[in-house]
Amino acid sequence: MAAQASEKLEKLDLNGQNGESAAGPAKAGQADAGEVEDESDDDADDAGAAADGAANGAAKKKKKRKSKKKKKGGAKVQSSPPRVPVSSLFANGQYPEGEIVEYKNENSYRTTNEEKRYLDRMNNDFLQEYRQGAEVHRQVRQYAQKNIKPGQTLTEIAEGIEDSVRALTGHQGLEEGDNIKGGMGFPCGLSINHCAAHYTPNAGNKMVLQQGDVMKVDFGAHINGRIVDSAFTMSFDPVYDPLLEAVKDATNTGIRSLQEAGIDVRMSDIGAAIQETMESYEIELNGTTYPIKPIRNLNGHNIDQHVIHGGKSVPIVKGSDQTKMEEGEVFAIETFGSTGKGYVREDMETSHYALVANAPQVPLRLSSAKSLLNVINKNFGTLPWCRRYLDRLGQDKYLLGLNNLVQSGIVQDYPPLCDIKGSYTAQFEHTIVLRPTVKEVISRGDDY
């Protein structure tokens with residue numbers, strides 16, 4: 001989820017499953033296929049029948065029964081669409097590591113230092129929660145990348161991703177407090193073309209994904225407030241490939257900057273490296289060549305527990321910020337590229353909101369605002385949410401109360417952020433954990 005570099009946002013301290021299907025045996029529909037049927041009776045001829053016609057008749061062998069053996073079920077696999085909780089797929093509670101990168105230069109001692117290794121072991125629960133969320137993100141986005149097609153509505157796409165995240169985390173978010181334990185870290189953003197961030201459809205939205213669209217897919221999964229924030233861009237026309245490649249390369253450059261310095265790296269150094277990479281690309285559209293520009297007022301950010309924007313920003317252009325990254329911090333390294341001006345403004349209908357952490361006590365006169373604030377506190381806490389989430393909880397006629405909460409400074413609204421119309425924007429993002437001994441790109445996958 002993007003952090004906007006503006007005075008308004010810098011002061012923020014944000015913190016239905018359809019058709020459940022279980023993973024079955026390797027060969028579905030062959031129940032008891034491994035059972036061994038009883039052997040048929042073996043009749044033996046009466047050995048003395050022809051010789052003496054003995055009264056005892058034929059001697060028969062007794063039946064031999066073999067015990068029934070049932071075929072063991074195969075290992076559980078993810079369903080399609082994803083509905084099997086990852087906790088069922090990793091029953092031992094140990095989830096895959098992200099990309100592990102050793103510290104270099106003045107921090108290289110951390111990899112083997114006994115004190116740092118001890119601190120790393122003490123962080124196991126913290127890391128397993130992050131890795132579980134990252135595995136949820138990987139499995140959901142793998143399905144999304146294969147199945148999102150032009151002609152689908154944005155509502156259909158967003159709800160499909162969100163339902164999958166809830167299923168895989170094991171938190172449907174319909175009971176009070178459940179979404180705070182796990183589930184969506186923030187609403188699924190589906191920002192199209194010149195819109196760079198913070199767009200998700202509200203109820204009744206009929207927008208359809210088109211063949212020529214460039215769509216940013218930005219969503220978060222969390223376990224116990226450990227938010228994994230990762231994003232990618234989809235297009236269906238190879239003409240946009242240079243734009244996507246530029247932004248992906250810029251994001252990886254930002255991550256490499258961490259690999260070289262990591263702990264104690266200055267934010268300004270990361271921004272300069274990202275800008276240099278991004279601006280080395282260009283794209284030709286309809287016979288015109290456009291330089292690819294970093295969107296200078298969008299940033300990466302650090303992540304705290306239940307807080308998506310923790311207070312530190314990671315710029316994507318050169319600047320003078322001397323703030324350093326510190327041991328134990330978690331960062332979302334994200335970059336945005338544009339064929340337009342490289343600057344975004346608030347535009348279009350707002351869908352994203354979040355409770356302002358440590359907001360001052362303000363008397364609310366509207367009963368609808370008081371009631372809505374109670375719902376927000378019990379269901380989302382400081383996690384971001386959107387109007388569709390209120391609809392899902394059965395809330396209605398809440399807009400007046402919601403606007404009152406925004407005007408009172410209790411809730412922050414996040415309007416979509418857009419470059420000039422006619423331009424195209426792209427985004428790639430990963431979550432990084434600065435462990436005492438190594439850096440871990442927690443959300444890294446085979447896709448990006």
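Residue numbering: from 1, along the chain as shown.
Just so you know, glycine gets a Cβ as well, placed from its N, Cα and C.
Of the residues ASP218, ASP241, ASP419, Swiss-Prot places ASP218 in the same divalent metal cation 1 site as ASP229, GLU429. Swiss-Prot annotates ASP229, HIS301, GLU429 as divalent metal cation 2-binding residues; of GLU329, GLU334, GLU346, the candidate listed for that same site is GLU334. ASP229 (divalent metal cation 1 binding site) and HIS301 (divalent metal cation 2 binding site) are 10 Å apart (CA-CA, integer value). Annotated pair HIS309 (substrate binding site) and ASP229 (divalent metal cation 1 binding site), C-alpha to C-alpha distance, rounded: 11 Å. Other residues of the same chain near the divalent metal cation 1 site, with their Cβ within 8 Å of the Cβ centroid of ASP218, ASP229, GLU429, are MET1, ALA2, GLY189, PHE219, GLY220, SER230, ALA231, ALA332, GLU334, GLN427, THR431. Around the Cβ of ASP218 (divalent metal cation 1 binding site), the same chain contributes MET1, ALA2, CYS188, GLY189, SER191, ALA197, ASP229, SER230, ALA231, GLN427, GLU429, each under 8 angstroms and 6 or more positions distant in sequence.
Sequence-distant neighbours of HIS198 (substrate binding site) (same chain, 6+ apart, CB under 8 A from its CB) are MET1, ALA2, GLY189, SER191, SER351, HIS352, TYR414, PRO415, PRO416, LEU417. Counting every protein chain shown, 30 other Cβ atoms lie within 10 Å of the Cβ of ASP229 (divalent metal cation 1 binding site).
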